[in-house]
């Protein structure tokens, strides 16, 4: 093939230009993302049972739905929560690659089977089935810059005018409002109700009747008389709109003819629909909207669309209302991608300088340099064809590919230059001869490297998706690189290179010194190799010791899934003791805000707090803070990284009295959890009950706290059992007094919970009407005795006459995992430990708990456990495939052994570099290790290929052939290896956005390549001679 293009250079250029054009078009159309769809798709089923406690919700709603979720294609695991607000949420997580649309349809079909078994009140409320991500993409906060709007004014405007347009924006899966729109609040007074012989149900029924939209029909409607001349709509009654109108609702007419109006027994006002959350931005009243991605949506496109929509809506905002973004994960995505692009450019420049140093000829250097954009753009075209995105993983693949793809072109150019100099041939003839010598080596390298990366494409789960991104990117680059090296590169060599002048090229002083030093080094290397081959047994023992060291390093290197990143934002949770009020929670959140805005003012840009809300559940004792940091360029230095800020905050905020305040970083992949570290589900496999499971959980937390050198921040991601005030109704006594149980339940539910009645109109928007006891009549236990229920004879009977009360404990939030009662445990690895170490330690602690208590990993930890199980198989398959590819290529079983024996030399270097830098054996390291395996084999192939050719064509002995081959290939091996090492150097020294991943990829590859080069050039001749002698003896035998 090469000879064809040497004679047709224009054709080679045409193909290269077509590849670049295709790549250019692909880049303009490829979407940009931090990661591909790594996270498995999730479907969430949400239901509400008004007035029910957590246990009732679990028994009558959650379990009923769970038990029908069988036979779903690709379901991995299922988690659910039931809380004291009557909410049930079941999240079903499916295998990566499952269509969210199909999964949603299947879940909806299964839900229909459960519907008849659900309480009627639940069915009336409706059940939603959503396919949005469970994690927050961004938070938009709204503030009044001059204080003219209070938090309820702001929240009502946001709910009425902003929430719905945002929820319809492309890419938005769901929105969560931190605040509430206005509602008509009817605050009942039990004493006045009793005075007029009324109960809450009387109020509710009259509101329903008198606040109603009646369809009155028409005058002159069809069919009509032949001479009908009039047609008009009849308006009978419309919905009420103001507190004054509601206050005039007639409840009853007394015997003396006087009227009892709603305002006589209740206070009527325009209040919030929901008082459960309090939002603040830098301590000022605010409202906020959390945006969650739709399944499969692009984060950058969605964020851009949301901001454009808010910018459009801002033209209609009240004068003082402003939008701020206290939490946004997309700047990190944009900047990290930009950093990798920058790394790509730096790598190309460094590779060019290395090539120029070795080739010392601008014409020769420009040839492999031209190959870089051709192959990279061609790779983008392939990525577009297979449906990939421009993301961190594909860009890392490109950076790794630069060092690999120039290798082929360097091998071609260097050998053509050597033939021109040694054989005194003109460039075209020299190129023909050179390609005949190295064509098989090029094919061999391509086959080996492709064989290394091919098994990665068939791994499963989130890890498999990461591997696939690297695999397709690198294999595409390799194949295109070989194609360019056998088409464009020889064509360029034949047309650009010049014949060697008489006496050879005269290098400048710098190159002359370099050449002198290199020639001495080459001679020393040749002499050393000859010495090594006299005592191969001794060096095979050294090799075995190196392999043993590799095994030790493998065992001691900590494991993890993905490295943590400084994403420019993080969160802080606050949990107060059970029973704490919103007032106390708000004070704690203000202390958190003050700390970040004063003590960390050089690093923190804003703090947005939400009282009453947290990932562990909703409650007055829960709070969450979103902290936005200043740009990375303003936070230079490790002491200003998110990790350092969190460590300082953890110490400082631990001093807050009567609250557990915990700052935490975001996970590497947002959809795989809410916090970094590990995520464990403690399971009640033995059906021990909630109390025993709580005891086991507390024992586990106590054991973990005793080992701060292993794990830290181990905490339950749930709500503690809280005091509950139980009302025991004596049904027999109530029946004897003529009081219906339904009336008792209605009165208690309305007074101490609330009752949604119907809707009213406010500023052209339909809003809700709620009836509830006034604040003074539902604050204390004794308030229960102030309420009366009318009996069958029409007299008022106090609740205290047929009920008793007591204090008890119960959970405000119950959890289940795969249909088993569970409790979620979150935590972090201690300093110097990896998440893999922490997970193993926690598993050992669970083994010490009572029988019947088990565990399972979920979220990011589930994927980490899956990836650690797949890694050994991945390495083994890759090595086997490489061996078979080499055997097929050389039609020999012995030569592949000579090549494969070099692999541990590169692996030990990768492990040593990773260990010395304190990094872990994560997915990026595993990809780097496979790259190292391929590159180690490549260097061996370059030497072995020439040695085999000399043995076959020139009849040399194995020792003579390998010494000469090693001498001839030393320069291209060192050149290509140094080019690769410097190509990944920008990854190794990277800092700022995305540096965690870059360091993880670059460190192992750089260490591995360095070791593979330094050790392999000495050990490959040893391996070749030993294997040849062993196989020669085997044949004789």
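Just so you know, glycine gets a Cβ as well, placed from its N, Cα and C.
The shown structure was predicted, so the numbers you read here are calculated from the model rather than taken from an experiment.
As annotated by Swiss-Prot, topological domain 'Cytoplasmic' applies to 1-9 (among others).
Residues or ranges marked as topological domain 'Periplasmic' in Swiss-Prot: 29-339 (among others).
Per Swiss-Prot, topological domain 'Cytoplasmic' is recorded for 360-365 (among others). Non-local neighbours of the topological domain 'Cytoplasmic' (360-365) in the same chain are 352, 413-414, 417, 496-498, 505, 507, 511, 514-515; each lies 6+ residues outside the stretch with a CB under 8 Å from one of its CB atoms.
According to Swiss-Prot, the topological domain 'Periplasmic' annotation covers 386-391 (among others), on the basis of similarity to another entry. Within its own chain, the topological domain 'Periplasmic' (386-391) is flanked in space by residues 27, 30-36, 298, 337, 380, 469, 472-473, which lie at least six positions past its ends and keep a Cβ under 8 Å from the stretch.
Beyond its flanks by at least six residues, the topological domain 'Cytoplasmic' (414-441) meets 2-3, 6, 358-359, 361, 364, 486, 490, 493-500, 504, 889, 941-942, 945-946, 949, 968, 971-972, 975 of its own chain at Cβ-Cβ distances under 8 Å. The topological domain 'Cytoplasmic' annotation in Swiss-Prot covers 414-441 (among others) and is backed by similarity to another entry.
Annotation source Swiss-Prot lists topological domain 'Periplasmic' at 461-473 (among others), citing similarity to another entry. Outside the topological domain 'Periplasmic' (461-473), and at least 6 residues removed from its termini, the chain residues within Cβ reach (under 8 Å) are 35-40, 95-97, 379, 382-383, 386, 388, 391, 393-394, 396-398, 400-401, 453-454, 561, 669, 672, 863, 866-867, 870, 874, 923, 926-927.
Residues annotated as topological domain 'Cytoplasmic' in Swiss-Prot: 497-536 (among others).
Residues or ranges marked as topological domain 'Periplasmic' in Swiss-Prot (evidence: similarity to another entry): 556-870 (among others).
Sorting each residue of the topological domain 'Periplasmic' (917-922) by its DSSP state yields 0 helix, 1 strand, 5 coil. Annotated topological domain 'Periplasmic' per Swiss-Prot: 917-922 (among others), in sequence order.
Under 8 Å from some Cβ of the topological domain 'Cytoplasmic' (945-972) lie the Cβ atoms of residues 358, 410-411, 414-415, 418, 437-438, 440-441, 444, 518, 522, 525-526, 529-530, 533, 890, 895, 1017, 1020-1021, 1024-1025, 1028-1029, all in the same chain and six or more residues away from its ends. The feature topological domain 'Cytoplasmic' is assigned by Swiss-Prot to 945-972 (among others), with similarity to another entry given as support.
Model confidence over the topological domain 'Periplasmic' (992-1004) is summarised by a mean pLDDT of 79. Feature annotation from Swiss-Prot assigns topological domain 'Periplasmic' to 992-1004 (among others); the stated evidence is similarity to another entry.
The topological domain 'Cytoplasmic' annotation in Swiss-Prot covers 1028-1037 (among others) and is backed by similarity to another entry.
Sequence annotations record features per position, and here Swiss-Prot assigns transmembrane segment to 10-28 (among others) based on similarity to another entry.
Only residues 6 or more beyond the boundaries of the transmembrane segment (340-359), in the same chain, are considered here, and those with a CB under 8 A from a CB of the stretch are 365, 368-369, 372, 376, 392, 395-396, 398-399, 402-403, 406, 410, 413-414, 417, 511, 514, 971, 974-975, 978-979, 982-987, 990, 994, 998. As annotated by Swiss-Prot, transmembrane segment applies to 340-359 (among others), with the evidence given as similarity to another entry.
The feature transmembrane segment is assigned by Swiss-Prot to 366-385 (among others), with similarity to another entry given as support.
Long-range contacts of the transmembrane segment (392-413) within the same chain: residues 34-36, 336-337, 340-341, 343-344, 347-348, 351, 355, 359, 364, 367-369, 371-372, 375-376, 379, 383, 434-435, 438, 441-442, 445-446, 449, 466, 469-470, 473-474, 477-478, 480-482, 484-485, 489-490, 493, 497, 924, 927-928, 931, 934-935, 938, 942, 972, 975-976, 979-981, 983-984, 986-987, 994, 997-998, 1001, 1005, each at least 6 residues beyond the stretch ends and with a Cβ under 8 Å from a Cβ of the stretch. Look at Swiss-Prot and you will find 392-413 (among others) tagged as transmembrane segment.
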(request) Select the range from 10-28, 474-496, 871-890, 923-944, 1005-1027 that forms the most Cβ-Cβ pairs under 8 Å with the transmembrane segment (442-460). (result) 871-890
(message) Against the transmembrane segment (537-555), which of these stretches has the most C-beta pairs under 8 Å: 10-28, 366-385, 923-944, 973-991, 1005-1027?
(response) 1005-1027
(message) Quick check: do the transmembrane segment (474-496) and the transmembrane segment (10-28) share at least 3 Cβ pairs under 8 Å, counting only pairs 6+ apart in sequence?
(response) yes
(request) Sort out the residues at least 6 away from either end of the transmembrane segment (973-991), same chain, that have Cβ-Cβ distances under 8 Å to it, and list them. (result) 339, 342-343, 346-348, 350-351, 353-355, 358-359, 396, 399-400, 402-404, 406-407, 410-411, 414, 935, 938-939, 942-943, 998-999, 1001-1003, 1005-1006, 1009-1010, 1012-1013, 1017
(message) Applying the under-8 angstroms CB criterion, which one of 10-28, 923-944, 1005-1027 scores highest with the transmembrane segment (897-916)?
(response) 1005-1027
(request) Residue list, the topological domain 'Periplasmic' (992-1004) vs rest of chain: Cβ under 8 Å, 6 or more residues beyond ends. (result) 332, 335-337, 339-340, 343, 392, 396, 399-400, 562-568, 632-633, 668, 910-911, 913-914, 917, 919, 922, 924-925, 927-929, 932, 984-986
(request) Report, as numbers and ranges, every residue of the chain located at least six residues beyond the transmembrane segment (923-944) whose Cβ falls under 8 Å of a Cβ in that stretch; write 'none' if there are none. (result) 396, 400, 404, 407, 411, 441, 444-445, 448-449, 452-453, 456, 463, 466-467, 470, 474, 561-563, 867, 871, 874-875, 878-879, 882, 886, 895, 898-900, 902-903, 905-907, 909-910, 914, 962, 965-966, 969, 972-973, 976-977, 980, 997, 1000-1005, 1008-1009, 1012-1013, 1016-1017, 1020-1021, 1023-1024
(message) Counting only residues 6 or more past its boundaries, what in the same chain has a CB within less than 8 Å of a CB in the topological domain 'Periplasmic' (917-922)?
(response) 554, 557-563, 832, 834-836, 871, 999-1000, 1003-1004
